[in-house]
Structures are given as structure tokens and as C-alpha cells.
Amino acid sequence: MSMLIPDPLEPFLIFHPWLLNLAFACGARFREFAVTTFFFEVFLIEQDLIQAPYRLNFLGILSTENGTPATIGFFSKEKTPFIAFVLGGPGSGKGTQCAKIAEAFGFTHLSAGDLLRKEISSNSENGAMILATITEGKIVPSGVTIKLIRREMESIENNKFLIDGFPRSEENRIAFERITGVEPNIVLFFDCPEDEMVKRVLGRKQGRVDDNIDTIKKRLKVFAALNLPVINHYTRRGKVYKINAVGTIDEVFEKVRQVFDDCKQMIK
Ligand SMILES: Nc1ncnc2c1ncn2[C@@H]1O[C@H](COP(=O)(O)OP(=O)(O)O)[C@@H](O)[C@H]1O
Ligand SMILES: O=c1ccn([C@@H]2O[C@H](COP(=O)(O)OP(=O)(O)O)[C@@H](O)[C@H]2O)c(=O)[nH]1
């Protein structure tokens, strides 16, 4: 299990549970969500870390496109899958290790980034917005990403999922948990020094619009500001397995294998 990582949002996060408790004491669960998300979004606007046209659409997370409320809790009790969130900075090796976990342990690998890139290439209604957001290294609105993850999870007959590169912010995390009604069983965190991540991303050569030095710098900033708080949250919940991502692919996988071997009892 990892130690808590200092992050620049810590003072805000201390305030955040206080706000939650206050709203909860008022007996309004929906208001609790709306109010706290609103404060998060105001903060993110100030930091210029989320996409402008979508940034005040905090209530949209709970709605589908036809305006009806989204299902809260889309897994039945008997069919709740085992979920591992796989987090780490850009180029830390999440995708590489997920492919190996999927093969060795029978998981379905869902990469949030790949699902978003597929939306761009399928010319969907959100394609242009997703492309602009990824090019800027910012985070796509939760409702869009969760809809894609949900569609995949519902269409695949497996009870073990790796969700790679999501949630990227506290707002992503809160929305996912509200909409699905579940938390991940475990969270893998690939801990990698920034210079190594930059080297790996620049060497990836997959023709991605965001694998250039300017966007990488923005992605690293967004990771530190928005993704580390998610990792800290799940560390406090005792769910994080921190893996040193330095070493060869096989060396890193040996550490990953150990985690999944240890969790065998939990994985149905
Ligand atoms: N342990 C490692 N050592 C060296 N290179 C690696 C390692 N793991 C992954 N890579 C390479 O680094 C690049 C980024 O890895 P990737 O799995 O795509 O990262 P992420 O999904 O976290 O962005 C890829 O080109 C991959 O082949
Ligand atoms: O849940 C997600 C996952 C990805 N992205 C966007 O997709 C980009 C690439 O993400 P991916 O996980 O594919 O790559 P990584 O940054 O980890 O190398 C990110 O910088 C974000 O702009 C996003 O907005 N939400």
C-alpha cells in the first residue's frame, strides 16, 4: 500500500469533506452532490484545467442525452464485476501492463483514452470536442467518458475489468461512483519519475496528437493537480497498490503479478 502523496489541492480537499458533511446533515443527498461538484468546478475553472463549454454542466453528469435521469447503480447485486482502476502519469506504462494482466488473469482491458480516441475517429457528435480536449491535455467531461465505459461494460460478458486511465479527477471519480453505484475493488498506481514518463511518451510513436513535448508538460500538470487527489482518496480507503514503474516491462509485471496473486480470493 502506498503513502499519501502531497498534492496542491490538499487544502481544498480538507474543505471538501466538511462541505459534504454539512450538505449531508441538511438531508439532501442530491444537493450534496450538486453543491460539492459546483465548488470543484469553480476551482477548476480558476485553474483553467477543464474544458470551457462544458465546465458548468455539473448537473449534466446525471442525465442522459434525452434528458431522463441516468440509472443510479447499473450493476445488479449478483452481477457486480471486479473492477481495478489502473492509474499513473502519461507514459507510466498503464496500457502495456494492462495488456499483460488481461492475458494472464482473464480481465477485460478498457482504456478510457482508447475509447475517447475511437469516438474521434468514428466522427461522433462529441468527436471534435474530445479531440480539442485531448490536444490541450485537459479532461473530457465525466458524462461523456462514463457513457463510453458503461457501454463497453454492458456489452462484454466478463466479470473482471481493468479501467485504464480513469478516473482522472475527483469529479470523474464522484460521477462514476454515483452513476454506477460501485467503487473499484482495487486501484493500481504506476509510480514513475517525470523524466522517465517524458522519455517513454516521446518514444511511443503512435502518431497521437498529444504525444508532443508541449502537451506532455500540460498532461503532467493535470496529472499532479487532478489525478493525485484520486489516488490519495483511494489510499485513504485502503485500495491502492503502488507499483514502482521503473524497470523493464517484465520486471514491472512481476510486481503486478504479485498484487493479482494476492487478490485471488477477492476476484471471482
Ligand atoms: N517498463 C517499461 N520500460 C520502458 N518502456 C516502457 C515500459 N513500459 C512501457 N514502456 C513503453 O513506454 C511507452 C508508454 O507506455 P504505455 O503503456 O503506452 O503508457 P501509458 O498507458 O501509461 O500512457 C510505450 O511506448 C511502451 O512500449
Ligand atoms: O478518462 C479519461 C481518459 C483520458 N482522457 C484524455 O485522453 C488523454 C490521453 O489519455 P490516455 O489515458 O490514453 O493516455 P496517457 O495520458 O495516460 O498517456 C488524456 O490526456 C485526456 O486528455 C480523458 O479526458 N479522460
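In case you wondered, yes, glycine gets a Cβ from its N, Cα and C as well.
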From the candidates Arg200, Arg219, give the one listed by TrEMBL for the same ribonucleoside 5'-phosphate site as Arg117, Lys138, Ile139, Val140, Gly165, Phe166, Pro167, Arg168, Arg208.
Arg219
Per TrEMBL, which one of Arg150, Arg204, Arg236 shares the ATP site with Gly91, Ser92, Gly93, Lys94, Gly95, Thr96, Gly247?
Arg204
From Gly91, Lys94, Gly95, Arg117, which binding-site residues have a C-beta atom under 6 Å away from some atom of ligand 1?
Gly91, Lys94, Gly95
Could you check which of the binding-site residues Arg117, Ile139, Gly165, Arg208 have their CB within less than 6 A of ligand 2?
Ile139, Gly165
Sorry to bug you, but what's the C-alpha spacing from Asn172 (CMP binding site) to Thr96 (ATP binding site), rounded to the closest Å?
23
